[in-house]
């Protein structure tokens, strides 16, 4: 940073984290200092445009933007104190303490700033420290590997569940929709990072295209849909345990509307409000808390309700496991309960409650690793637990494998023993069925012959 025309001008490139989803996700990207300044300037210009000068004609010092801070209007003799600009916060260490700067409104206008930024706003002259840079690079690599692994495993799980008809039921249909939401979430993260933050420069700060904003709308829709299908998984399981009989097909119709329809409405309302009241940049930063609650509110509600359902299901499981109809000693009961609880945590997204209701400025680094780094593997864990390790899925795959190997064996054996049949165009499966019917008829005839007449 150096002085230029009485103002501070940043000239370095820094990597910072932006708290895009204050409850569940952080966006990591490399941002040029001009991005921070440009965003602050746009907000200042917007406040200036919304201010009605005629309502307070006695104010002598008007709005002023000094390239770093937006100074509000004041009367003569009034001293205005402002905190250090956001730029210094992202360029300093976490434990640094920030002061305030002031300007006096005089008859000649705004006075010089006192104290100066360099005196009360600490910053790292070399940008972020190497350790900090390595930390953010490591987290980005972690969530990239996590989403890639989840994407491959979830796609494989979807192919398996779609391929075998015997696995088609309401429970697996809900799992499949959850898998799709995880797949869309991973794809949206890669698209967002690829379009917005592919290059470490300030170009994306000045992007106001429809394409850029559409990417963010798609990203928010995918994340919101994922949370709602996690909520539906919890709601379905709770309903299954509480109600003895209920029409699953009719419920699945409403589940689909909630899982895909509700996020559509929320994101559409958010996009309209952003376009009319907060149309700044690429919509990748959410400074307007009221508008942001259109998306944040439903997600927090789904996390809270899912946690309540989780507690309710655990209570029901404890009651069922302690029933005299279920055998086993006390240790085996607790072992079953622990296993059931661990299986439900990734399916319900219970881990999101750890930081969901904590202040945004608390444990930022831990939250970053926990929610974005480890959370990116949630899709992989769900696919493994509810598809690859599912007994019903494994049995169906083994059955299909045995059928395929038997058909292949008999087809090869028939070709060796009966070349005429092999060349007649009859396939192995047909030959096998013919041989099976013939052998069964022979066995029935022999049994009838051995059975004495009564």
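Using N, Cα and C of the backbone, Cβ positions are placed for all residues, glycine too.
In TrEMBL, annotation is done automatically, which means it is predicted and not curated.
The domain 'G-protein coupled receptors family 2 profile 1' annotation in TrEMBL covers 43-125. On the 0 to 100 pLDDT scale, the domain 'G-protein coupled receptors family 2 profile 1' (43-125) averages 79 in the predicted structure.
Look at TrEMBL and you will find 139-390 tagged as domain 'G-protein coupled receptors family 2 profile 2'.
Here TrEMBL flags 141-161 (among others) as transmembrane segment.
Positions annotated as transmembrane segment by TrEMBL: 173-191 (among others).
According to TrEMBL, the transmembrane segment annotation covers 218-240 (among others). Residues 21, 24-25, 170-171, 174-175, 177-178, 181-182, 184-185, 187-189, 191-192, 246, 251, 255, 258-260, 262-264, 266-267, 270, 295, 298-299, 302-303, 305-306, 309-310, 312-313, 344, 347-349 of the same chain lie 6 or more positions beyond the ends of the transmembrane segment (218-240) yet place their CB under 8 Å from a CB of it.
If you look at the transmembrane segment (252-273), the same-chain residues 6 or more away from its ends with a CB under 8 A from one of its CBs are 170, 173-174, 177, 181, 213, 217, 220-221, 224-225, 228-229, 231-232, 235-236, 283, 291-292, 294-295, 298. The transmembrane segment annotation in TrEMBL covers 252-273 (among others).
Annotated transmembrane segment per TrEMBL: 293-317 (among others), in sequence order.
Sequence annotations record features per position, and here TrEMBL assigns transmembrane segment to 337-357 (among others).
The transmembrane segment annotation in TrEMBL covers 369-389 (among others).
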